[in-house]
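Report on the structure given below.
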Amino acid sequence: SAFRKLAMQFHPDKNPDDSNAERKFKEINEAYETLKDPQKRAAYDRYGHAAFEHGGMGGGGGFGAGFGGGGFSDIFEDIFGEMMGGGRARGRSSGGRERGADLRYNMEISLEEAFSGKTAQIRVPTSITCDVCSGSGAKPGTQPKTCGTCQGSGRVRAAQGFFSVERTCPTCHGRGQIIPDPCTKCHGQGRVTEERSLSVNIPAGIEDGTRIRLQGEGEAGLRGGPSGDLYIFLSVKPHEFFQRDGADLYCAVPISMTTAALGGTFDVATLDGTKSRVSVPEGTQVGKQFRLKGKGMPVLRSSQVGDLYIQIQIETPQKLTKRQRELLQEF
C-alpha cells in the first residue's frame, strides 16, 4: 500500500541521523491517522485537498491545523488515494490539467425571505480562466512541452533499497508538462483571480442549513481543467416572534384575563403580510393552543403549506382598583 511504501521509505531505522526523514515519517503517520476519520474523508471527497488547507473551505481553524511543509501534500494525496482506492487521479487529468477547487459561500437570510423566496446577488472572489492564454498557461503563440523527466506521466519511480517507490515528478510537479515560456498575465497558472457577481435563486420554503450547489461556478481549473463548483450554505436568522419546526410555525400570544374568562377575539400577524382573526372561547386556559391551517411555511418545491400554532399566554393585571379587587375576591 502507499502508506506502507512511504512509511518504509522514511522509517528512522532506514535513515539514521536523517532529521528530514524522521519529520516525513511523523507526517505520514499523522496523515494516515487523520484520514481514518470518516468526516475528514468525506470533506476531502467533496472539496479535494483544498478542504485541508488554510483551515478548510471558509470554516476557519478546521482541517488545516498541524499540516505544514512544502512536500506534505504529495504524501497526503498518496495515502488518501490508497485509502479510497482511487490513486492520485482526483482533480488531475492528462496534460497537467487540474479541476478547480470548490468554493463555499455563507449566506444568512430572514425567515420572511425563506417564506417567500428571493433572488440574491452575491460577489465571489474566485479564480477564472486567463483570457490571454485561454487557460493553457503558455504565452500566446507557444505551447507547453511534455516533461522529459517523467515523459508526461507526472510520476517517476526511484529505487529505495529493495523497494521501488513512485513519487511526484520533481521537474513538472506532477503536471506531465512544463511551460518554457509562461503567460505574462497568469504566470503559467492558466487562471487569474477576480471578483464575480452571481445571481442565486433561493426557493420558497428553504430550510436552515440547506446547501445550494452552483455547478461550474467555483475556481477555474488549472491549465484548461474543468471548473469547480460553488456551494451556498444558507442559515435562517432566528425570528423575534415565530419559531419554526419544519413547515410549521409556532408563536405565543398574550391575552387579557377578561378575554380568557369571557371569550373574545384577537388578531395575529402572519408571514404572508396579512392578519388572521382568532376566536377565543370562554374559560380559555394558559397554554391553550390554536391552529391556523395553511398559515405556516411553504414546503420546498411543493404546493403544500404548513400550519401556524398559537399558544395562549394570559396577562395577569398588576394594578387593581378597589372595585376590581372586590370582584375578583367574589370568585
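The chain as shown is numbered from 1 upward.
Glycine is no exception: its Cβ is also placed from the backbone N, Cα and C atoms.
Per Swiss-Prot, the range carrying the annotation region 'Disordered' out of 1-22, 265-286, 287-308 is 1-22. Of all the binding-site residues listed (CYS133, CYS169), CYS169 has the fewest other CB atoms within 10 A of its CB. Across the repeat 'CXXCXGXG motif' (183-190), DSSP assigns 0 helix, 0 strand, 8 coil. Closest to CYS130 (Zn(2+) 1 binding site) by Cα-Cα distance, out of the binding-site residues CYS147, CYS150, CYS169, CYS172, is CYS172. Distances between the Cα of CYS186 (Zn(2+) 1 binding site) and those of the binding-site residues CYS147, CYS150, CYS169, CYS172 are shortest for CYS172.
The Cβ of CYS130 (Zn(2+) 1 binding site) has 21 neighbouring Cβ atoms from other residues within 10 Å, across all protein chains displayed.
Sequence-ordered, the extra residues of this chain that approach the Zn(2+) 1 site, with Cβ no more than 8 Å from the Cβ center of CYS130, CYS133, CYS183, CYS186, are ASP131, VAL132, SER134, GLY135, SER136, GLY137, ALA138, PRO182, THR184, LYS185, HIS187, GLY188, GLN189, GLY190, ARG191, VAL192.
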